[in-house]
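One structure is given here, and the rest of the page talks about it.
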Amino acid sequence: MFERTLVDLIRGIRNHKKNETKFINQCINEIKEELKGDMQKKTVAVQKLTYIQMLGFDISWASFKIVEVMSCNKFSSKRIGYLAASQSFNEGTDVIVLATHQIRKDFLSSNQSEAYLALNCLSNICTTDLARELANDILTLLSTQKTHILKRAITVLYKIFLRYPESLRPAFPKLREKLDDPEPSVVSCSVNVICELARRNPKNYLPLAPVLFRILTNTTNNYWMLIKIVKLFAALTPHEPRLGKKLIDPLTNIINSSPSVSLLYECIQTCITGMSDHIPLMKLCISKLRTLIEHNDQNLKYLGLLALNNIMKIHPKAVSEHRDLVLNCLEDDDISIRLRALDLLPGMTSKKNIGDIVFKLLDHLDNAEGQYKEQIIEKIIELCSMGTYQFITDFEWYINILVKLSQIQDSIHGKLIASQLLDVVIRVKIVRAYSTRQMIELLKNPKLMSNPTEGGMCEVLYAAAWIVGEFSGYVNRPIDALEAFLQPRVCVLPSHIQSVYMLNSLKVFSHACAKANGDKIPSLDDDDEEEEAQEEEDQNEITHEIVQECLEIIKSRLTIFTHSIYLNVQERACLINELLSFYTVTKEQGNNISKELISLFTEQLNPVGPKAQKKVPIPEGLDLDEWINDPKHQEPIEEDEDDDIFNTSTSSHQKKHHKHHRGGYDGDDDEDDETNSSHSGHSSSNFNRHPIDIQRQKEERLRKQANNPYMLGGKVSKKLSTNDPENIPVVQLTGDLGHLHVGASSNRPMPSKGSKKTKKHYTIDTTTEMPEGAKESDDEDEKDNKYKNDALSNINLSEPLTASDVLHTSRHRTDIIKEKEREMAMLAKKNAKLSPKSPPSTANYSEVTSPEIAPAKKATKKAAAGSNPPPPPTAKKSSKKPAATSSTTTTTKSTQAAAAVVAPPPVIVKKVLKTILDDDNFKITCEILKVSPSNETDNNQIKLTMKVQNKTDEDMSDVSISLKNPAEQCVSIKNSGEIGVLEADASTTHTELLNVVNVLNSQELQFTLLASPSSSPSITNQLSIDLPFSFFIVATKLPKDKFAEILQKSGQVSAMDSTKITGQSLTMPLVIEKLAQQLSIEVVQAHPNGQTASFYAKTTQNHHIAMLVKEKDGNISFDIKSPQSLLNQILVKEIAQLTFSSK
C-alpha cells in the first residue's frame, strides 16, 4: 500500500480544501495502521500526527506510540518523538510517567543534542509527578561543565519550581552559585529564573542584592540580562528602602548613556517604584519619556505614555506640565495611543482647564466610533465627577454637558449618564430648578425613544422622569411635563422606565394642586423658594383651571397604561387612576386633599454610600451558614393546583399595593415583581404560616425600605451622619454664571470673569446614607494579591535548610528491601548489646513479602554472602525450647548472622576543587573527582576537570595540556584532547581520566601547559596537582580479634611513626568523628576511660593502616603502623591537615 510522507500529507491537505476534515480523518486511519509497523514507519506516522495536531485535531490516542518513538536510539527518530510529546502531551496524559526514565537517561547522554531534546521537552510537558521525579537529576546537571546543557538546565528549573514548589529550598543554593559563574550566558539564565521567582515573593531574594548590584555595575553590553536585573530591583526596592538610594547612580548612568530603549524603560519603571522621592531623578525620567512620546515609533510612544501614567500617580504636577503633548496624542491614528492619552487626563485636570479639556474631548467625540467613543464619554464623566465634583464651578454647565452626551445615539453609557444626573441634582440643591426645566425638554426629545433597548441611552429618560417628579415643585408648566410623561410612544420604553413615568406623573399633579391652593411645598428649601419666587414673576401662575386640565390629560391618557403587558406598569397606572378618582370625588364633595396628596412625596433624600451594602453589620444571633428554609422540610408544589393561580396573582397584587412606590434609579422593578410572583406561589401552598415568621418578614421588608434612599413614604431612617449641609464651606466662583440653554449653551466654555450675571454659590452635599453600626475601618479596600494562595510564594528561603528539605529520589524496590534488612540487622545488634542474655525482640517477627519480591531477597542474600567474609565464630548457648519453636530459632540465628556481617558502605564520589594556576595569561581551576568503580580493577580512577580561562586580550592557539608522570605512577586512560584555539577572555574545559598505578608514589600529578599567543612568544607552564590521599583509603569495619591478628603478623604493619596535635583542647569523640569523616579511618575499640582508642583502615591497594590514639590534657598523640614508612609519612601529613571543629 502506498504510504504518505509528511510532504504528501501537506500537499493532500492543500488539494482537499473543500473536504479537508474528511481527508484528514482518512489519513488518521492510515496512520493508525502505520503505527503497527516497524520503528521507521512509526517515526513517519508520529511526524504526520504532529502536523495534524497543529491543525487542531486530537492525537491523544497515540501517546503511547509517541513514547516508543522517544525511546528510539536513533537520533532522528528521537527528535521527532520529543517534538510530538512537546506538542501533544499535557497534564492529563496518562502515559507521561512512562517517559520519566527515558528523559533521565537522555540527560546523561554523551550526545549533547539528546540532552537538549530532553530538557526542551521537559519544559513543555512538566507535570507535578515529572518535576518530583526529575528535580534531583536537573540539580545534578547544574554541576556539568557543558555550558549549553547548563543554561538549559537552569532555565528548566523554573518549570520544576512551579510544578514542585518543595524543590525550591534544597535547589536554591546551587542556583545562587550560578550567579558567580564566569560564563555570562549562565549568569543571564540564573537571573531570568530568579527574576520570575521574585515576582511571587520578593522578600526571599533580598540577600541577593549585593551580587545583583555587582552584576549590574560590571555588565555593559548584555542588555537582556540588565533588563532582568533592573526588573528584579524594581521588585526588591519596595521592601528595602536603602537599596533605592544605592541604585540612584547606576540607574542614572544607564538612563543617560544606554542606547537600548527597552532598558531605558525598565530603569524608569524601577525609579518610579523605588526612588519616586528623588526629584532630580524623576525629572530626568520625565524628560526621557517626553522624547519617547515625541518619537515617530508608535511602540515607543505607547511605552512613554504608559510610564508617564505611572509617574502621574506620584507626581501629578510634574506630569501636568506636558498637557499639550498628551492632548496632541488624542489625534493619533493609533487607538491604543489615544486610550493611553485618555488615562493621563485625570492627573492633568484642574478647575482652570477642565472646560478646555472637556470641549477638546467633545470635539473628538464627533468623529469617534466604537469603543473609543464609549471611552471618551466615560472619561468626560470621570473628569467632572472626580473628588465629588471638586473641579466643577458651574453645575449648570455640567448639566448641559450631560444632556449633550445623552443625545449621542448607540451608546452603552445610558445608565452612567443617568446616575450622574441623579447624583448631581441630589447633591447640589441650587441646580435643581435649572435641572428640572432641562429634564422636561429632555423628556420631549424623540431621539431618546428611537432606540428603546434596556441598558441603552433611553435609560437617561429614567433619571429625567425621576428628577422632574421628585422636584416637581420647580415645575411651572405641569401640562408640558404630563404630556411628556403620558405621550403614547412611552409604551415602547422598557417597563422600569414606564413605571417611573407613571409614579412621577402623580408627583407633578400633586405639586400642581398644592401650588394652585397656595400650600407650602415642604420639599423646597428657603433659598429655593426665593429663587422660585423670582422666576415666577415671568411665568404664568398655576390656577385651578390648569389643575383641572392636568387631571383630564392624566385620565384620558392613562387608559393605555392600565392595560399594559407589564405588571409593574399596570399596577402603578391603576393606583394613580384610583387616587385621582378619589381626588375627584372628594373635590366634588367640597373637600380638598391636596395637602394629603403632597405629603406622600416629602421625605428628604440623601445619596447612598458606595459601600453601604458592604458595611451592613451582621445582626446578633444571625448565622449566615444556617438554612433559612431547610430544603428537607419544604413541601413540593403540586402541578395540579392550577385553580390557585388567581389567588396567587391576587395576593401579589395586594402585596404590591402595600409596597411604597420607588422613585430611585435601580431598575429592579421587574425583578421585584418576578420575585414576588414566585414567592406568592409558594405562600399559597403554605398559607398557614406562623405569626412569628410573618412578623419577621415584615420587619425585614421595612428595614430594607428604610435603607433605600429612593423609597418614598414610611419612617425616616436614622442617619449616622450629623453634618449639616448648610454648614459646608461655600465654593467661591471666579466669575458670574451665564444662563444656559439646551442645544447651544453646552458648546461654550466655563464662565469667565467678564460675565455679568449674579454669582451663584454652589453647595455640594456630601452626606451619604450608611447602615447603623458601620465602622470607618470598613472603608478600606481589600487588596488582592495575585499570588496570595500560590504555594511557591509561601516558601521562605531565609530559614536554614532542615532534614526535610531534600529532593525526592526514586529507588528500586530491591534497594528499599536491602535498607530494611540493614535497619533490622542494626536494631538486632543494638538489642543484643543492651540485653545479651535474652534474644533480640525482632526474632519473634518476620516480614511478610509478596512472591515477586521473595526471589529478589534471595538473590540479595546470595550476593551479600558472596561479597562479604563469614562472621567470626561466637559462643552458642544451649537452647531448651521445644521443637515447635524451631522456626523462631532459625529466624533468630539468621538475624544475628546478618547483624554480624557489616554490609559495605555505599560508594561516595569524592570531589575537591583547587586553583592550580593564576597568572597574567591563564587561570586554571581543577575539579578532582574520585570515580565510582565499576569493578575492582577500576578502584583507583581519578577524573580531572580543568577549566582554562584566557585572561589576555589576544587569542591563544595550539593550547594543550599533557601528563608528565611516568607510567609506573599513573596512566591517562582518556582525555578530551588538544584544546586548540582559545579566544581572548574565553574559557573552556579539559578533562583527564587517570588510573593511579601506585597510590603511594602518585601524590603529586605533573602536567605541562603549552600555548601560542597570536603576537607573543610561546608559553609553557608546569602544573602541579596534589591528590588527597583520602581518595585511596577504604573505610573498613574490623572486629577486635582480626585487628589483633593483623598486628601480631610480622611484615603486615612493620613500619611505625608518631605525631602529635597540641593546643586545640581536643576530645576523643571529636577525633573519632573527624578521622571517620575526613580520612575514612574507623574506630576498632575505645577504652572505657575515653582517652585511648584503636583505629583501622586499608588502602585501595590493600595496605593495612593501624593507629593508636591517646588523649591527655587536650593533646592528641597518634601512633601509626603500616607496611611502608612512606605511607606513614603520608598519613602524618594528612593528619596535620585535618580540621577539628566541634560544629
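Numbers here mean position along the shown chain, with the first residue as 1.
Keep in mind that glycine also has a Cβ here, set from the backbone N, Cα and C atoms.
Sequence annotations record features per position, and here Swiss-Prot assigns compositional bias 'Acidic residues' to 524-540, 666-675. Under the heading compositional bias 'Basic residues', Swiss-Prot lists 653-662. Among the features that Swiss-Prot reports, compositional bias 'Polar residues' is placed at 840-849. Positions annotated as domain 'GAE' by Swiss-Prot: 914-1016. Summarising the annotation, Swiss-Prot assigns region 'Disordered' to 520-541, 634-692, 704-728, 741-792, 829-899. For 129-166, the entry in Swiss-Prot reads repeat 'HEAT 1'. Annotation source Swiss-Prot lists repeat 'HEAT 2' at 167-203. Residues annotated as repeat 'HEAT 3' in Swiss-Prot: 205-242. Taken from Swiss-Prot, the feature repeat 'HEAT 4' covers 245-279. Summarising the annotation, Swiss-Prot assigns repeat 'HEAT 5' to 280-317. Among the features that Swiss-Prot reports, repeat 'HEAT 6' is placed at 318-354. Per Swiss-Prot, repeat 'HEAT 7' is recorded for 356-389. Per Swiss-Prot, repeat 'HEAT 8' is recorded for 416-455.
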> Short question: which residues 6 or more past the ends of the repeat 'HEAT 5' (280-317) have a Cβ under 8 Å from it?
Replying inline: 248, 251-252, 255-256, 261, 264-265, 268-269, 271-272, 325-326, 329, 332, 334, 336-337, 340-341, 343-344, 347-348
> In the repeat 'HEAT 4' (245-279), how many residues does DSSP put in helix, strand and coil?
Replying inline: 28 helix, 0 strand, 7 coil
> Mind checking which residues reach the repeat 'HEAT 1' (129-166)? Cβ under 8 Å, same chain, six or more beyond either end.
Replying inline: 96-97, 100, 103-104, 107, 112, 115-116, 119-120, 122-123, 174-175, 178, 183, 185-186, 189-190, 192-193, 196-197, 791-792, 795, 807-810, 945, 947, 989, 991
> Under an 8 Å Cβ to Cβ limit, what residues of the same chain, 6 or more beyond the ends of the repeat 'HEAT 6' (318-354), are close to it?
Replying inline: 282-283, 286, 290, 293-294, 298, 301-302, 305-306, 308-309, 311-312, 360-361, 364, 371-372, 375-376, 379, 382-384, 386, 390-393, 734, 750
>> Counting by DSSP secondary structure, give me helix, strand and coil numbers for the domain 'GAE' (914-1016).
In response: 3 helix, 61 strand, 39 coil
> What is the three-state DSSP composition of the repeat 'HEAT 7' (356-389), stated as helix, strand and coil residue counts?
Replying inline: 28 helix, 0 strand, 6 coil
